[in-house]
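Enquirer: Can you read through this structure? Questions will come right after.
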Amino acid sequence: CVTSLEGLLSRTEGVEGVKVSLQEGTAAVVYVSSILTSQKIVEIISDSGYGCEIKEQTRKGSIASEDTPLLEKQLSKTTSCPFISSLDTGSMEAVLSSGENSLQLATTPKSSSDSVRKKDVPLQKCYLHVRGMTCASCVSAVEKNLLKLNGVAQALVSLLSERAEVKYDPERVSPMQLSQVTTDLGYDTSIIEAAELQPGEIDLSIKGMTCASCVSSIESNLLKRPGVTKASVSLATQRGHFVFDTELIGPRKLIQAIEELGFEASPAAVNKLDVDHLTHVAEIRKWRRAFLISLICGIPTMVVMVYFMAFADMDNHCCLIPGLSLENLLLFIFASPVQFVGGRHFYLPAFRALQHGMANMDVLVMLATNVSYLYSVIILLYFVATRSDRSPTTFFDTVPMLIVFLCLGRWLEHLAKRHTSDALTKLISLQATEATLLTLSEDGDVLSEKKIDVNLIQRNDMVKVFPGERIPVDGKVSGGSSNVNESHITGEPLPIFKTVGCNVMAGSINENGILVICATHVGKDTTLAQIVRLVEEAQSSKAPIQQLADKIAGYFVPAVVVLSILTLAVWLVLGFIKIDLVYNYYGKTEDMSESEVVVQFAFQCALTVLSIACPCALGLATPTAVMVGTGVGATNGILIKGAEPLEAICKVKCFAFDKTGTITRGAPVLVYAGLMTHVKALTLNALMAIVGTAEASSEHPIAKAIADYAKQLLQTDILGSCESFEAMPGFGLSCKVGNVGSILKNAPKYVGGHDSSCVEIQYIGEVQVNQEGNEPEKWDSTYDVLVGNREWMKNNSVEVFSSVDSLMARKEMLGQTVILCAINGVLAGILAVSDTLKPESKATVNELKAMGFKVVLLTGDNKQTASAIAHQVGIDEVFAQVLPSHKAGKIQELQNGGFRVAMVGDGINDSPALVKADVGIALSDGTDVAIEAADLVLIRNNLYDVVAAVDLSRKTVQRIRMNFFLASIYNLVGIPLAAGIFMPFGVALLPWMGAAAMALSSVSVVTSSLLLYLYQKPVLAKPSCPSEPKGPQGKDMEFAEDIVHEAQHLSAGVAKNANVQGTPLRDSILPEVYIQQELEALCSDNMQQSL
């Protein structure tokens, strides 16, 4: 019965695994819910003659592995979010029927081998390809024989996929032995793969950490737990990231372990509730309350101290009873509430830390206050018991004063920490909480509008956004138009006009119109959510320098306790040997014996050492600076994925740039237009209207670039009419163009040697006076148009002059694609299209070189084009024709040469190099693969942000070093001062002074990090056209607009040149290298005369 039922279910489409138990009368079935339903399984079994009903059911991922190993091993095999059902099939009677929605699974007995496995050895998983199985009996035989092996915990065999999945103890059995067992059974077996079980990951929010010792104790304690492979805790963000073996430990046990250490832990999530967590609201409230309560007793304590020290006559009020003075009684009354109530925030965490063999900042506080209080109580009771005629000097005043200053310090510290996460808090606050969901009919009519939680929005939902509202999801505009403010995300200061088809981002603000948006990315997939995730991961990560600080902090507290004990012992010895040292500080008094003076001074120094030592400042030095630095980077359009790249980029010595899409725009645009002057009445507008109309009918990228320019120049969305269109791939196109007269009539007049798009315009031939003033009515006819290369013109009997051919060759040497245009069989114009430089590329390269970096170009393009681009931007070293697979090798070559390399790219082909480089930098408009591989992402796609990233990294690392200096110098000077080393010079500290100094140290470090918010990103001024003010690239040059020079290579004679790109006369018919050198050497006032 078992065999036939397993075979029947195994052959059912959608069933991934099945196990029938004869003893329990149950069947466990793993199936794909999109193909099969649980009710259908019941019907199949019932049709076979067995009574059956659903016992329990669960979805993938909701199984407790320790209770259901059989079902869990079935589950681990599936890939399509299956259901797992436990069915009663025994003797046609249901033992238990819990209903289909029950989530509690039946328990299946564990295998014997699993029960004897060493629990501290992690299981591994092996997959075997088992060929030759024909039925469920074969499956059962393979499973049983595998489970007989010592060390095999679970075995799951699938008949349909001919695969066996085995979990085993690697210390007892190997994959080869598993394969041999199934081979011995007569099946052809091979090992598919052997891999460790997939680890689990979780981020936890941890409250109660106060210093680096807390971080160290949590990390070290959890790493000792079986199954925990990684523990990274951040003091600044109060979060921890943990990687663990799901077979050995789970999130609940991790939280329990942290709580046993005295901290509060809960799963962390990035949402609106995190704002309170990031702004330290609860911690600020707690320490403010503790400070105020302690202050109630602290102020009277201070008043009593001052009064009895300055005004009271000790002879007149010695004792209320023998051994007890009024001063000591009042100090005892004020100190006790603080000791047992105000100090609880320090004592409870300290006790829990000590229970686990750890020592943190709270332990120092507990020792200082308890030693002070207990010493004072004991010595006071001794004097009262012996009915002394005087009262002893006590340290009751130390307790309230210590607690007051410590609580004040913690309060101020959390107030400062709140601002370290301002950038992340602002990003989270950008997320909308509600959205207006539209329900549409099949015809697209709106049936209803409903306000729902933004987390309930799904992909392809239609969302309505009113003016003033935040856009809730990433999507495309399906209706309406409006200006959208994206400044908080992209940094673009001006609103961007959005209409149908435009992309919008979650968190941006709809300003003045109603938009209907089709959701494309929701929840954690939105741009804003990904930015938040990257920033938070960066702020939670640790720089290498911080890891050293954490290690030092782990030994700091025990070392301070030892120093305190040594201080006590040394001063007890020195005091009795050389009492004058102590009297120089205390002064002689008849009320205290020599031994009492020495003991009190020794205790005072020991307590002050405990009070002043501060590992907090050391632990906060790096994370607070990293948190502020990455936040400042995010607000300036630079996403830094962690503390390590933030520190690494300032150590880079070489920058490697990809060309296409990085140095250049990545899309062809028109860069040159040459008009043949022998064509009567030909103007730039006329040429572009006719040629643009012809090219608008083509889908070629170059044709699109020309058509787009024509529409932009003529300020129209619709060009003329095009008939008889014929395209010849590899040559060009021909057509008839008409109806351009009306377009020319309404188009703006083109005047001067350049246009608003910074395209170079050149007249070739005899200069025609007032060429732009011809009447548009002359272009109302229909024209035969040819657009293409030399061969296309030759095939259509259009003469191409040798001078024009020479000009084309020179353009092509610059990596430009040249197109010839003929109207009615006569050559009328030359157009050049190129992937142009980004405006900021040259300034970026020049600035990096000025900062001392080596800059190279790494591209797959041919050497000629790559060299031309490199020359224009100022790159001296070029690696051209490099295959994508070899780019990483070139990075390795640079690294072998002693350079730390940063790679800047945007494409899939750049990904290996981005990973191989010491720092990978990607542009946000690049591919997802490149962005994922990079360490830094430039949100605004501005290449000059590379300079800003280097500058920010340097400033942040400088701030980290400053913080370490402050923390180190404080402890290096403060601890010897507290220990009384400078006492011979009359300098010594009381314990409460040490507490005040300790509180000040943490606040000073955090405040130092906050100064990074004053950072100003270096900004590149906009490059200028000739008629505009001079930009940074052309500050020593003026551009001639109407330069006329007799051409050496044109029989017609005259060329009119004007360049507006920032490189004077870059493509003139004269040798451009000569002109470039001449122009750079000339004073601007004499330029035209000299030419």
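Cβ coordinates are placed from backbone N, Cα and C, and glycine is handled just like the others.
Copying in the features that TrEMBL gives for the protein in this structure:
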DOMAIN    1-53  domain 'HMA'
DOMAIN    124-190  domain 'HMA'
DOMAIN    200-266  domain 'HMA'
TRANSMEM  290-310  transmembrane segment
TRANSMEM  330-351  transmembrane segment
TRANSMEM  363-383  transmembrane segment
TRANSMEM  552-577  transmembrane segment
TRANSMEM  597-621  transmembrane segment
TRANSMEM  964-986  transmembrane segment
TRANSMEM  992-1014  transmembrane segment
Enquirer: So, does the transmembrane segment (597-621) come close enough to the transmembrane segment (992-1014) to give 3+ Cβ pairs below 8 Å, pairs being at least 6 apart in sequence?
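Expert: As far as Cβ distances go (cut-off 8 Å, pairs 6 or more apart), the transmembrane segment (992-1014) and the transmembrane segment (597-621) touch.
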Enquirer: Give the mean pLDDT for the domain 'HMA' (200-266) on the 0 to 100 scale.
Expert: 83
Enquirer: Under 8 Å for C-beta pairs, could you tell me which stretch among 330-351, 363-383, 964-986 has the largest tally with the transmembrane segment (597-621)?
Expert: 964-986
Enquirer: Checking distant contacts: for the transmembrane segment (964-986), what same-chain residues at least six beyond its ends satisfy Cβ-Cβ under 8 A?
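Expert: 545, 549, 560, 563, 567, 571, 581, 584-585, 601, 605, 608-609, 611-614, 617-618, 620-622, 994, 997-998, 1001, 1004-1005, 1008.
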Enquirer: Could you give the residue numbers and ranges of same-chain residues that sit at least 6 residues beyond the transmembrane segment (552-577) on either side and whose C-beta is under 8 angstroms from one of its C-beta atoms?
Expert: 211-213, 215-216, 220, 359-361, 363-364, 367, 594-595, 597-599, 601-603, 605-607, 609-610, 613, 615, 618-619, 975, 979-980
Enquirer: Per DSSP, what is the residue count of the domain 'HMA' (124-190) in each of helix, strand and coil?
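Expert: Going through the domain 'HMA' (124-190) residue by residue, I get 23 helix, 24 strand, 20 coil.
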Enquirer: Report the DSSP secondary-structure composition of the domain 'HMA' (200-266) as helix, strand and coil residue counts.
Expert: 22 helix, 25 strand, 20 coil
Enquirer: For the domain 'HMA' (1-53), give the DSSP counts of helix residues, strand residues and coil residues.
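Expert: Per DSSP, the residues of the domain 'HMA' (1-53) fall into 19 helix, 14 strand, 20 coil.
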